[in-house]
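Peer 1: One structure, as structure tokens, below. Some questions next.
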Amino acid sequence: MTGYLLVEIPAANAAATAQSNVYLYADGSQLARDGEVNRENVQLSQIPEDVQRTVLAAEDRDFHSQSAVDPKAMLRAGWNTATGKGKQSGSTITQQYVKNYYLAQEQTVSRKAKEFFIAIKLDREETKEDILEGYLNTSFFGRNAYGIQSAAQAYYGVDVEKLTIEQGAYLASLLNAPSAYDVVAYPQNKGQVVSRWNYVLDGMVKEGWLASEKREAMKFPMPIEAKGPSGMSGQRGYLVQAVKDYLFEHDIISEEMLNVGGHRITTTLQKPKQDAFVKAVDDQLMARVDKEARKVDRNVRAGGASIDPATGHVVAMYGGIDYTKQYVNNATRRDYQVGSTFKPFVFTTAAEHDSVTQDGRPVTPNTVYDGTSERPVVGWNGGRYAPQNQDQVSYGPVTVQEATDKSVNSVYVQMAVDVGSDKVKQTAIDLGMPKDTRDLHPTPSVALGTATASVLDMAETYATLANHGKHGDPVMVMKLTKDGKEIALPKRQTKQVISREAADTTTSVLRNVVENGSGRAALAAERPAAGKTGTAEQDKAAWFAAYTPELATVVSVMGQDPDSGKQQPLFGALGEPRISGSGPPAEIWAQYTKAALAGTETQEFELRVQDGSDRRLELPGTEPSGTPDSTDGSPDPGSSSPSGDDGEQEQPGGSDTPSTTTGSGSSGGGQSPGQGQSPDPGEGGAEGTVEGQSGGTPGPGATEGTSGDSSGGGPGPGEGGETGGEETGGTGETTGETTGTPTGGASPGLPTTQ
């Protein structure tokens, strides 16, 4: 017994304890698994007792009653190995577990000796149940499946709890020859495999574990086709990384602990909706990409996110064409301007704070503003600022509703001043935009969507509006377990961040955008919807953010050079002059939403709007002017050209305080408030500029442009404010907004402040 006394039970070898993490859709179907070892440990109680017995019948029928070793069989196997007469195990389940868990796999006499003594010690120190559980979790079943849970998925596509006796008997047969007994890979071996399968079941009958009548009715269960390693290709990598980020950011588990493996993560992602999102992008965008005919099509990217407003569950996400080809998640990156999708936050602020115009009139959907392009903003003490509308179109007197439908820049910039740009910033944060969002400055140009929030951030903010002003953080994980034991998740907290009346009045305004404005493509979803289009500076991204009562979904089409990673304009992509929010983004949204809600009852918006907001003021129809009204017929010196490439802008490192301007005119009297907005996809135009101190803080129209690379660095030379405009119809039919600083005069017959 010297060997018994000298041999200690060693620590488990690394290969035996390594596990993968399994990521599941909300319905329990597998999304992905990560880690080098395809293993997922389960507790013995999760394995049906009949399935346990199939393994005992195959490998060690006396496991519960006999010693941990079979000396005669082991000596015979050792002699055959030493004399070169072939390899035999001759091992009990306890010995096999010792080999799997504690020792190397080579067949040597010394390893057999260690196995012998460790097995005896282990049998005295651990229960039979613990040993059997360990054995079933460490055994190799072929198809790169370690452990019976991974084997159940690999051969039958089910969790171990759902295995039948017939299936269990086949998996038990595999232990004898894991690769050769795969009847799908080696159909020529089926006769031998079925013989082994019969041996297992007949052994169960002999041991009294299975009734002979039931045994006679059993048929061999053919396994499913083997699936190649899924890895992280397609959407899987984006989704897994987003879930990991969620776990880390909410302090649910550390990265170090997650990397240990053995976790089972049930996400909020719903496979039917996820598949519908991918198909919508493929149909409405990728099918139109022709990289051979148009070089610019190489730059086309897409991102999307969909949230259930009531629960905060992220039910679908589109991160990009393929994680293995472009690893940056377009749904979570924060380096593209959100454009005019920000405008609703300005109106929401006005509704929440009962704001008034410069001359004291309440700001409602029916309030009339001056929609003249390049109208100097009234009431702003940071210097002269006169934003351009898309293509410098002047609308004259327009209601807030019409200005939202057509995304009139001059109106919304003036509204931001009337409301207070600091309050606008806070409203955006309250709705869900991160407070450290780049370029979320309390200046009038904030109305143009210069902030660089992510698609997921914007889905969160719009979900708050859909949820009547009640905000809660998005949720991506429903359940988390480690080796079968559940880990507590934080309870989602919600808060009424704005009044229901303010949120619902905004929804009412955005419904009209879908029904009569730039979001009409969303009508194809055949659901009540409220939404807004938007465009980043220089048409580098096109957005559509919208919601039904059931889903808040945001889609962005982005331009990025695949080689340098720099952001690129989308002019000419897909064979269109511009990519507009009312084009592919809204079309993707409509197809996805229709499919995602198919088979469910249509829900109507239940709105509690502010008094008078449910009635719309109709102004006498006037054709918008194609050129801006101006006191002298020419722009101020130094104002930007329509291309916006030569405008001044804030340099990196500037403060949030707006710079003063040196152009003629002032922000004061006699001028009707103008409005400014960022361009929408398909909305192009001049970038806003403000004459100010070089390298100083941004003026209202001198936005901090995105750097053009995916890291979200500072603006490059010549990159400034947001450009483009909103459309009222299909691609190319624009009426939208741009920024700029040419002078503008008061329109005849309008009050001096609006």
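Using N, Cα and C of the backbone, Cβ positions are placed for all residues, glycine too.
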Peer 1: According to TrEMBL, which stretch among 76-95, 356-375 corresponds to the feature region 'Disordered'?
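Peer 2: Result: 356-375 is the stretch TrEMBL calls region 'Disordered'.
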Peer 1: Could you count the residues of the region 'Disordered' (356-375) that DSSP puts in helix, in strand and in coil?
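Peer 2: Its residues divide into 0 helix, 5 strand, 15 coil.
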Peer 1: Within the region 'Disordered' (559-585), how many residues are helix, strand or coil going by DSSP?
Peer 2: 5 helix, 4 strand, 18 coil
Peer 1: Run through the compositional bias 'Basic and acidic residues' (608-618) and tell me, per DSSP, how many residues are helix, strand and coil.
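Peer 2: With helix first, then strand, then coil, the compositional bias 'Basic and acidic residues' (608-618) has 0 helix, 0 strand, 11 coil.
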